[in-house]
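To start, the structure itself, in structure tokens.
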């Protein structure tokens, strides 16, 4: 049984956690939402400075809550890609320094592999192969999980990620940042059938549409034009707009996910990322999965957004297979999940 201390600083959450045998001993998160809210989104320079201020206290708290000392930690991990490079470097530098000082193995972890691993924490009986729908502010992907470190991307967004679309539409509606939770809350008070909005389909050169790829930029533009039209008419039913937009996104993601699972004969679907907390998406996926005798797994809300417990879980799985990373490993703003094994020696 491997005990891992992990650090997550890929975007705007400073997090540290201790995980052993898919059991969370501590999961500490210092949120930066208040610091970024005045700007309507994440400011990379602000994020880096916040990480620098928070990192030591977050690591200390993770160890204290776990009730463990350095002698009981088997390895130290940190998110190394993809993400904001300045933010990644804070967590990476801390993890590599601790690994060097305490003579522990170091592992760099792909952020998306962490989101996949969140399902292992929530459902310890889960094992590959399965399909994972990753939906967050920066990513929307359908990933065939064949084994630890062995992934195939079957579908992805061609423009905006689903979470990014939520934030942009929230801004159009004057709802503030972050947009996802606000739209979800308002959608429960609105009529999802109030407005017909277009699902984004990706045309194929030979005709037809890509069965698994998504597009949300057109949907965002459709909402913008609808808002402008409604404003000229003097009525802006915010709750109905939120409900219609959310329902469109949820239907689009559900249709592609179910089709992908059926086409590849994958009976289990795991959902990960911040948008996995969305009630509309959960409702659509659960109903569709039940109709096709598929198993759909959602992590608890605490593991949907960025956290270090999921990074620790992914690191433990790699360490148990003999994988470690060199201390020369740097942060990368982009790295396909299919290239995750290049992080190890």
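Note: Cβ is positioned from N, Cα and C throughout, glycine not excepted.
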Listed co-binder of substrate (same site as 134, 135, 136, 137, 138, 180, 184, 278, source Swiss-Prot) among 125, 150, 167 | 167
Of all the binding-site residues given, 136, 278, which has the fewest Cβ neighbours within 10 Å once its own Cβ is left out?
-> 136
What DSSP gives for residue 136 (substrate binding site), in three states, is coil
Which has the fewest other CB atoms in a 10 Å radius around its CB: 134, 138, 180, the listed binding-site residues?
-> 138
For the recorded Fe cation site, enumerate neighbouring residues of the same chain (Cβ within 8 Å of the Cβ centroid of 111, 115, 306, site residues themselves excluded), in sequence order.
-> 8, 10, 79, 112, 114, 136, 272, 273, 307, 310, 311
Of 138, 180, 278, the binding-site residues lying within 10 angstroms (C-alpha) of residue 115 (Fe cation binding site) are none
